Structure formats: C-alpha cells, structure tokens
Amino acid sequence: MVEHSGLDSQCLNKYCHSSSSSSSSEHDKKMFAKLKLSLSGDYPRKNGEILSGQYGTNLLLLGVAMMLAIQGEPAVREEHLLAFVTCLMILQLIWMLWYMLVRDRQKNTRTEKDVHATTCWIRGGLTLLAVLSLIMDAFRIGYYIGYQSCVSAVLGVYPVIHATHTITQVHFLWFHIKDVIQSFETFERFGVIHAVFTNLLLWCNGVMSEAEHFLNNHKSRLFALGYENLTIMHTEPDCNCTTSTCSLFSRSLFYLYPFNVEYHIFVSAMLFVMWKNIGRTIDLSSNKKRLATKIQGLHIGPILGLLALAGTIGVMVVYVTNIEESFQTHNSAISMFYIYGIAMLAFMCCAGSLGLLIYRADHMPPDTSKNPSRQLDTELLCGSSIGSWLMSWCSIVAVVGANSNPPFRWTNLVYSLLVVLEKYTQNLFIVESLYRQQEDGEREDPELPAPPEIFSVTSSLAPPYNGIINQAYETPDRICVSLENEEEESRQVYRCPRKPSEVSLSVRNEVKQPLNIKSKVLKNIAVFLIMSNISLWILPAFGCRPQYDNGLEQDTFGYSTWTTILNFAIPLNLFYRIHSVASLFEVFRRV
C-alpha cells in the first residue's frame, strides 16, 4: 500500500515536471517567434538603408580624395576626376531610365505619393537653375572646341554627359520625385542614394572650382600690393585658342558656377527625401495640400524687399569696381559693405523677432505628423548655419585681438555679431512656422484616392459590420475605436459617421475667410525675409567677399588656415541663404 502510494506520488511528480517543461518550451517558442517576427519586420529595411548609406558616403569620399589630390602633385589631374564623375553620371542615367521604364509599364497600378516631398514652385526654380547649368555646359563645349588640340577629350565628353544628365534628371524630378517606392526596395535604395551622392560630388566639384577662382583673384590682388612669395596657378592650356571666344567662355563660366552649385545641392536634398520615403507607409490623414495661397495685404514686405534688392545690386557694383583700386577706395568699399550688411541684418532680426512674438501670442498645437521633407529642411537649416557662425566667430576673435586699427574694424565686429543673431532668429521663425498645426481650410491632394462616403452602404472601402447594421449606431464609439486599431494593418482609412453638428461645423470651416491682421503681418515678414536672403546670397556669390580682403582674420589665423576656413564656410553660407528662401516660401504658403 505504501509502495503503491509512493508510485502514485512519483508519477504525479513526473507529470508535474513534464507539464512545467512543456509550458516552458511553448513559452520559449513564442518568445522566439516574436523575436523572429520583429527582426523580419524592420531589419531588412534598416540593413538596406545602412548598406546604401555607406556606399554613397564612400563614393563621395573617393571623389573628394581625388579633388584634394589635384591640388598637389599632378599625379591625379582634372581629367581623371572628370572621367570618374562622368562614369557616375552615366550610372545614374541608366538607373533613372530603368526606373521610368518600369513605372511606365506599371502605369495602371497606383503608386503612393508624398505630397510634402516637393512643390511645383520648387521644381520650377530647379528647372531655371538647370537651364543656367545647360548654358554653362554649352560654354564648356565651346571652350573645349577652342583648345581641343592640346586638352584631353574628357573635357569635351564631360559637358555633353552633364547636359544629358541634367535634362533627364529634371524630367525625373517633375514626374517621379513624389513616388513612394514599394517594390525592389533594396535595389532602389542603392539607385537613389547613388543619385544623391553623385549630385553631392558635382556640388563639391563646383564649390572647389569656384573657390580656386576666387583664391587666384585674391592672390593677384595681394601680388599687386607687394606680396611676391605667392604662387598663382594658371589654368589656361599651353596652346593657343583656335577661336576668338575662348576668353569669353572662360570668364563666363565663373558667373554661372553659383547657379550650377545650388542646382546640384537642391537636387541632392530632394532625392534624399525620396530615399527616406522608400518602403514608407503614407498616412493619408496628414498627406494633404493647402488651398491656393492668399496674397492680399502684401504691401510693406515686397516694398522693403525690393529696396533691399536694389541696394544689394548697387553695393555689389561699387564693391567689385573699387576693391582693386587704391588703398583708400579699397577700405571704403569694405566699410560700405559692412555698413550695408549691418542695416540689412538688423531689419531681418527685427522681422524674425516680430514673427516669433506673433506665434507666441497665438497658441497653436505643434504638428507631430511624420514628414521627412520638413525634418530634412530643419536639419539643413541648422547644419548649414555652422559655416557662417564659424566665420563670424573667427572674425570676432580677429577684431578683438587685432593690432591694427583699420576704419572697418568695429563695423566688422557688429556685422559678425548680427550674422550670428540673425541666423538664430530666422531659424527659430522658420522652424516654428513649419511645425505649427495648419488651420482649417485644407483639401486633400487630388492624386490620392477619394475617401468613402460618410453614410455610404455600398462603398467598396466601407468596413463590414458584425451583426445587424444598427450596431454602428448603437455603439458608434466602439466601432470607431476598433477600426482605428485595424487601420495600420489594412492601410486603409475609414471615416465613422459624424453627428449633424460636426458635419455642419466642417461645412462652415470650408468657407474662405479673409486674412486677419496677424496673417498679413506674417506674410509680409516672409516676403521681406525671402528677398533679403536673396540679396545676401547675391553678394558673396558674385564677388563681394570682404573676408578675403580686409586682412584682419588673415593676420590673426594665418593665410593657409583662414583660406581653409573660408573654403569650408562660404559654400555652406551660400547654401543656407538659398535654402532659407525655399523654406520661407513654404512659410508664406502655410500662413
């Protein structure tokens, strides 16, 4: 009896142990299944992003290494760099043509689009920059024809491929830049990132060529003042030109470089947004466009902006013509530049501060919807500000520690401080505007599918009801909650029946209201800041760079160090100004 009881107790213990082991095994299997599911969800996408990002970064670094090698011994020459860039453009051309061919074959299938990726006016501005780049390519071809007997054939092939690349890329930007790619994701990531860094490499090449041109001009002025130990690099070929227009083509190229440089950097930004959108699920509720932009009440902003633009042209002409004259006119030109810059920056600081005060007085919740284009705009604004901030703080250190006392010493100090303050204020104003919740009066993008009818029963997109139809009216909140929970899995948006009061309220909100005084002031501020940033872009882009000519920073940091700082800071400052114009125009549309 005791033995039987012991046997029963032993069997019971075995049963319990087996049950516990089985339960633990099932738990481990569930944990492993969840881990496998989580890895299979995001891992391939992150893996593709990291691999393609590393590929593009190393591609850019290889090109930059070749650019730096050109500055030293002639083991690597310009034609080697141009041949490398030409191959990259040909690869991008092949990818773009393949992508457009595939999209043309799939024209019956609907492609998701991100309406925030770009706007018509941005693409129009890029088209204008592309036309100017094509003119530059024509000048390059003419320059090659004049010197074809003693230069490499790469100098003739490069502008032809670049022109073809520009035309194809503009077509791609107009018709496909908003596409959200959902097929061949890994391959498309490499294609898009190749296009991003190819344009970045073309931007770097243009920046270095432009910097070399200004540096040679600076050395020529220093040589005329008695600095005989400077080496001026001559870029003209060793043979005679066979036409009479070679010098005209050579001089004209450097006036077109700023437009070509801005074209490539903007294309890089737009393609980067397309790269971030690959495999993304678009939230239809936030994928909306605003109504037509209202322009009534614009008076003070455009007038002040036109005055700033006219003053900029006058200052540019006087500066360029007087900077190479006598010592007295040289100092007068620099002083005039700083005084004009102080006035411009002071007005811009006041305008940005007034806009921020209006926003602080009008409390509006922030827009937290996912928007890669807006996030990139913010990062580029803050990142490109580093260049001019570095240049300004170097100028402040040089002015405070300078042994000499030129007439523009303290105006340089005030100008540098205002540059820091103006960018700080303008960045806050732009970011505040872009991240504010948009007011009523929006309409959905016409390219998106129409939502189901509010009270439609026969709509194919309407969700099925469990049980009798009256359940939707008996427990409408429960149905809405369950539909919202399933929204991500089905990738469809359903609208629950609204109360009569809600329907009438939305109808009343769609009535166009005239702009109030705050909106008018904000629009005038945006227009004034747009034209002011254009003015401050024109000055350094076309030769007004007192940082090369005033001598204070060069005496403090040394010629080589200060030249390196300027070669880094000035291109970023130029990009900041033109990117601010694009962001402020978006602010103008959103008000």
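Cβ atoms are placed via backbone N, Cα and C, with glycine included.
Just so you know, TrEMBL annotations are computer predictions that nobody has curated.
These figures come from a predicted structure and were not determined experimentally.
The stretch that TrEMBL tags with transmembrane segment, taken from the ranges 379-396, 559-576, is 559-576. Contact count against the transmembrane segment (189-208) (Cβ pairs under 8 Å) is highest for 50-70, out of 50-70, 121-145, 157-177. Same-chain residues lying 6 or more positions outside the transmembrane segment (254-275) and placing a CB less than 8 Å from one of its CB atoms are 52, 114, 117-118, 122, 125-126, 129-130, 132-133, 135-136, 139, 166, 169, 173, 177, 179, 181, 189, 192-193, 195-197, 199-200, 202-203, 206-207, 209-210, 213, 372-373, 376, 380, 541-542, 571, 574-575, 578-579, 582. Below 8 angstroms of C-beta separation, residues 294-295, 297-302, 304-306, 308-309, 311-313, 315-316, 319, 337, 341, 344, 347-348, 351-352, 354-355, 358, 426, 429, 433, 515, 574, 577-578, 580-581, 584-585, 587-588, 591 of the same chain, each at least six residues beyond the ends of the transmembrane segment (521-539), sit close to that stretch. By number of Cβ pairs under 8 Å, the transmembrane segment (50-70) is matched best by 82-101 from the list 82-101, 121-145, 559-576.
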